[in-house]
Amino acid sequence: KFSSMSAVKVARYKHFSHDYHHVESKYVVKEYKPQHVSLCALKGSFVHKKMSEKYVRESSMIRGPKFLVRLRSHTVFENTPIKLFCTVEGYPTPTVRWCDINDTAMYTAVAANSHGQASTQASVIVKNAILPEIKYTKITITFLETFNVTFGKEEDKVTLQCTMTISPNLANLQPEALWYRDEHLLKESKWVKMESGGGVAKLTLTHLHKDDEGLYTLRMVTKGGDAVHSAYVYVEDGPPPVPLAPGAPMDIKIHDANRDYVIVSWKPPNTTTEGPIIGYFVDRCEVGTENWAQCNDQPIKICKYPVSGLFEGHSYYFRVRAVNSRGISRPSRMSEPIAALDPTEFERLHGKVAFPKFVPEGTAPGAPSKVHASETDRTYVVLSWTPPQYRGRAPMWYYIEKCLVGSGSWQKVSTKVPVRSPRYAVFDLAEGKEYQFRVLSANMYGNSDPSEATGPIKTQELRGVPSAPGQVVATRDTDTSVLIQWDPPKQPNNLIGYYIDSCVKGSKNWASANHKPNKSTKFVVHGLTTGESYVFRVQAINELGLSDESQESAPLSVRAALKKPSAPYDICLLNCDGNSMVLNWKQPLRCGGAQVTEYYIDKCNLAKNEWREVNIPPIKERLYKVDNLTEGAAYKFRTYGLSLAGLGDVSDASAAFQCKAWTMAEPGPPFDVTLCEVRDTSAVVQWKAPLYSGTSPVAGYTVEMSKKGSGQAWAGVNEVPVNHLYHKVTGLEAGQTYLFRVRGVNASGAGAASAASDPVRAQALPGTQEIQCGVDAETGDVYLSFESCQMTENSQFAWQKSYTEIADFSKGLVLKTQGSHSTLFFKNPDLEDVGTFSVSVTHTDGVSASYKITAEEMQRMLTLSHEIRNPIIPLKTELAYKILERGRVRFWLQAEAITKAVTYKFFANNKELANCEQTKMSHDVATGVIEMVLDHFTEDSEGTFTVQVQDGRGKAQSSLVLIGDAFKAALAEAEYQRKEYIRVKEGASANAKDLKSGDTIHVHHRCPPLLLLRLFLFICAIGAIRTKSPVIAGVFSDAPQVTMFNCSTFSKKDVGAYKATISDDRGKDVSQINVMTLCFSSSTGSTAAELAVHCTAEGIMLQCHMKYYTEEMKIHWLFKEAKVSSSERLRIGGAPTMATIEIVEPTDKDKGVFTIEIADAEKTYARSLNLTGQSKPHTHTHTHTHWSTVSSAKHRGKVVGGLPDVVTIMEKKTLSLTCTVCGDPKPMVSWSKNDQEVEPGDQYVIALDSGKFASLTIKGVSMEDSGKYTMTVQNKYGGESVDIIVSVYKHGDRLPEVKPVPTPKRILPSST
């Protein structure tokens, strides 16, 4: 209850110049300097003058109370509030008293002052009335489209928008849209624009800055509650003015604004990739100008700075820039304008002035009280106090005094302007020191006593940045986000917040997860890649900067966290027989990341009103028969869904179902009504057949639809019932939301309607694509291909025919899926594949499509498929023949075009011919000619000649029949050409040279020039043919006129008749020589040379050279005058001109004299060799050698093993040839390719590890790397060399068959 209302109109504060303030404050300045004007003089002259003026002004204002607005009577209902008011004037201000008896009475207001009183009355009548209960209309808001997590950059423009349906949509009850950022209500400003109405709420951030980062929440508030949606907005640093300069500071705040100073604070930026921050520059700009002035000359390291030197009454903007070693950052967003005013002026302007009791004129004010520090920093303290009770006319101001604790000396604090507000900051204090403060009030009449001194107030010490946060734990959230939690630092040191960094596991590329400090110890990092593993770290920040990084979290793969499923819904009854009910329900809308695999059901008998479990083992399907029910009773049911995450929420109770047997003639309701292939104007409805068919089978189905929220009745979609379990609905309005239901129809009529489908909006998903049908140009397969516009980790493609899942893939159906593409191939297409094929993608927002293959289209594709699978190479000419000179026959055909990859086969009477001298085959890509030249065309050549050509997938075949008269004519022509060729050429002659026994046999056969010959040698014994194979020991050499056969290993077994046969197309000629039984020359032993020692791969060999040597000769080997026989260690053998004995792995036991004895009919010849290094006389010819030769065999370079004979490798692979070598001293290893030394480089790497592991590595082998590689191992005692054959083949080619050819190790002589 109140007597009057008064309002003070205050004109907008004007900005005055500094000179004006200086002139107007002269009087006040003089008050600050009482030594210039005595207090007596002020009381004697100035005060007297002022008081007289006061009485003159007040005398004209004296009057008694008067009511300008009197009280008004009211009649109200019970429990209804009422307010009585009146307006009164008078001077001095009158006081008002209220008088009443009870609620229903006469109320009186009496106003009185020293000059009289006045009153006014009003009656209040209260009626008893029972008002109806006010029921608010419940308004339901459903979000259709919401804003997601948004990523922006400084200076971008971002719009957050939600579309919704409002039911009921009443014009006078529209919901209110409230936007929040980090739980702080947003208001319209130059940075934030809001729109709401028509089912749309929109927030536009016009000029992004890091201050705008945070969690944005939209609350649509109605009388019955609210609808809420939230998402995070990330703001990345804009491009810096200088590369690697820091990001801009943020969250500029103004504290303690006073007449000549303000305190500016801010938050530091994150420096994940930039260098540490050196300090900050603070800039100011006076409102109405664009001139920014830097406030500090040197960068300050603390995120708080007092800006002094402001002009009283002027308004300013402030901003901050960060500095590091690379340069200066972009400026922060400027602060809100702030005026440099006395804090009491703010209170006066906002009507918060309290009127204390009147103080007589001519007295000094009382002392302030309750002096305390409202804020402390390192170098300043903000003092606050309670002003004295003062209502004098003379202005009042304050003095502040300080005292360093322990000094006992009070000093007056110098202020640049008079302190008029009960709050002021004392600057220039020592860091970490303790001070006491007291305040005096003063006016023109004098100073008050000092206030009570404060207790010791200690300025803050620079304690440094916070310690590193504790353990960081990352847990799964969604498929693109991770929840990070950590322990706070043990030393927070005025903690401001945290910065979070993320990094892909294994890399060092750290990225900022947030660009604005997060105050909580948990944060959700968005924008991650599904399936990728990340590690995280956290830094704490305060006004001094960033702490050290925390330890990295354990790596975490980004996957959606499992959550409990939501509740199932829409429980419906499908059949009832009086004792049981068949129920069906819809699966939960949100599965929580794991498939709902099982369900539980509860039942409630309404008569007993208690819930009981129906099933102990869980149900796998959404269809269940509840048994053991009481006939005639009413039941309600509810269900739960179970997944890996646990048991989900319970569904709402179903409607009450009466347990009474169904006997109606019409069908029961279909169930599981779903929609797919939703487009802007169409959708496909699917359902399952009813379990109760009525008295006759279900003949078809009708589909009904209704617009959601429109109040329209259900309307039929199809006039004629469809006989399958799907129907495509067309003619929908884009953007409208529809409901669908289905009825079964039998001979008795339409049955009960199914439960309504979920609401579906007629709008295609962004990026929706349709199924593509065609024929593969490579394989000729008919295919259906689909690309999904949405994919998740668990998404799968489900293909259907006639909306029934395809389960049988044995008839040539092949499904290939790669990423977001899925293709269904028909390997054996036929007309049975005609029909409607559809595909849906699981774990998406309903991605699906269909395609109908008609009989005409399938026939067209079958024709095209056959052409692709069976391409024909067009031929210019079929297979033909031509007789060449010497009676040869050329078979040939010409194709329209062939490539270098063409292959072909020739057949004669169904027998494939090989490409050889007798049947030479060739082709010419330029002309397309393929030919075969048959060298011998005889009577056996009669028959059918066929050529088969294949070029890629193209094929061609052509045949030529040469039988009967056609063949005879061709054969006659060939014979004529052969004889004509012989006629014009010279005949052949041959001469044989007699041989003498014991010599090397040479057979020379002279031929005419340019005559092609084939030489066949046969060994005959007494005129009979013993073998038809050429003599292997013979040596052949071809010259233009001479063919020679050398038999250099002639022995007794070679005695016999030698015959040379020369033949060609014209005929043949024969020459023969007889080699009779021979006796070996008696002079063989006399030709024996001295024994010599040579190194072998396994030891040493003693060699004795002679004119010839055979196994039939009588030769014996002796060691220390005792005969030795051939064994594993002593291998006796020889060559055509040398007898040998090899000593394997010689030892000291092998030291001694080795002797060879060669005996004939007349004499025995001996040759000796002393392996001890000492010479002694012998009866026969004698030589000696040193044991060092034997030692060289032991110490020379050797290849121990490890190298293969043949290596086959695919192109672009890496080949490594490695083996073990030995020798003392360590041998040198070299490699050569095709007898050319291999130079080490980037491709060829040669290595010798520990002196015994030799290797050659060839990186990225190519076809040019095929060939013979030789490794040579050698030291001063000699060495060995081995060969390796390397064969490189291309990718996709058949592995070449390379037969290894054993090559013995070659022994290299010593260098000494």
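Backbone N, Cα and C define each Cβ position, glycine as well.
Here is what TrEMBL records for this protein:
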DOMAIN    65-98  domain 'Ig-like'
DOMAIN    132-217  domain 'Ig-like'
DOMAIN    248-343  domain 'Fibronectin type-III'
DOMAIN    367-462  domain 'Fibronectin type-III'
DOMAIN    468-561  domain 'Fibronectin type-III'
DOMAIN    567-662  domain 'Fibronectin type-III'
DOMAIN    669-767  domain 'Fibronectin type-III'
DOMAIN    1177-1287  domain 'Ig-like'
At a threshold of under 8 Å on Cβ distances, which of 248-343, 468-561, 669-767 pairs most often with the domain 'Fibronectin type-III' (567-662)?
669-767
Taking DSSP states H, G and I as helix and E and B as strand, how many residues of the domain 'Fibronectin type-III' (567-662) are helix, strand and coil?
0 helix, 47 strand, 49 coil
DSSP tally for the domain 'Ig-like' (132-217), helix/strand/coil in that order, comes to 3 helix, 44 strand, 39 coil
Looking only at the domain 'Ig-like' (65-98), what is the mean pLDDT?
85
Counting each residue once, how many in the domain 'Fibronectin type-III' (367-462) are helix, strand and coil under DSSP?
0 helix, 43 strand, 53 coil
Which listed range (132-217, 248-343, 468-561) shows the maximal number of Cβ pairs under 8 Å with respect to the domain 'Fibronectin type-III' (669-767)?
132-217
What is the three-state DSSP composition of the domain 'Fibronectin type-III' (468-561), stated as helix, strand and coil residue counts?
0 helix, 42 strand, 52 coil
